[in-house]
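J.: Submitted below is the structure of interest, expressed as structure tokens.
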Amino acid sequence: MELILVRHGETQLNYQKKYCGWSDSCLTEEGLLQAKRAADKLREETIQHIYCSDLKRTVQTAERINAYHHVGLTQSKELRELNFGKWEELTYRDIKEQYPKEAADWEADWLNYAVPEGESLVIMYRRIIEAIEKIVKEHQNKRILIVSHAGCIRATLAHYIGSGIEDYWKYKVDHCGITRIEIVDNYAVLTALNQ
């Protein structure tokens, strides 16, 4: 099977360098253009099904891609970005100023520390991998497109290509970059990153 992973297009919060996890931000004009370019690149592909998170930015991106394919489109809350809780829509500088102790705790244990009213990276990672593995099991020998978030794509790459969650930060995921993983007999190969 082949997993095609696409990060959503740029949002206003992304442009402003603000944390955007579960905030439901729409695409900017640039984000809409990025989604169109990704759709054009994938136009000739045979895709059997498309999944996306239930947030507007991924739905908008997925719908533009699906305009060429007309296949089933499933929205899943499980494919959301990390829940940044009280840090949503703040810059890193804002977080360090408004939540200095919590920011220091997060930096000291970025895997396990849950942001105030949010979730830890470990919790997000487990949620995403459970959802991805269910998709892989359900669609063996097919080409599936997942439109999601940088965190979801990093988690998927760390799980299938890396050595696990410790490799989470090793991958840069661009807006509407196309990443491909081929999975055969539970063996995964990265065939493209940010195409």
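The count begins at 1 with the first shown residue.
Yeah, the Cβs are placed from backbone N, Cα and C, and that goes for glycine too.
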J.: ARG7, HIS8, GLY9, GLU10, THR11, GLN12, LEU13, ASN14 show up in TrEMBL as binding substrate; which entry in ARG57, ARG64, ARG80 does that record put in the same site?
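T.: TrEMBL names ARG57 for this substrate site.
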J.: Who sits close to ARG7 (substrate binding site): which same-chain residues at least 6 apart have their Cβ under 8 Å from its Cβ?
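T.: Sequence-distant Cβ neighbours: VAL147, SER148, HIS149, ALA150, ILE153, VAL173, ASP174, HIS175, CYS176, GLY177.
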J.: What kind of secondary structure is LEU13 (substrate binding site) part of, going by DSSP in three states?
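T.: Where LEU13 (substrate binding site) sits, the three-state DSSP reduction gives helix.
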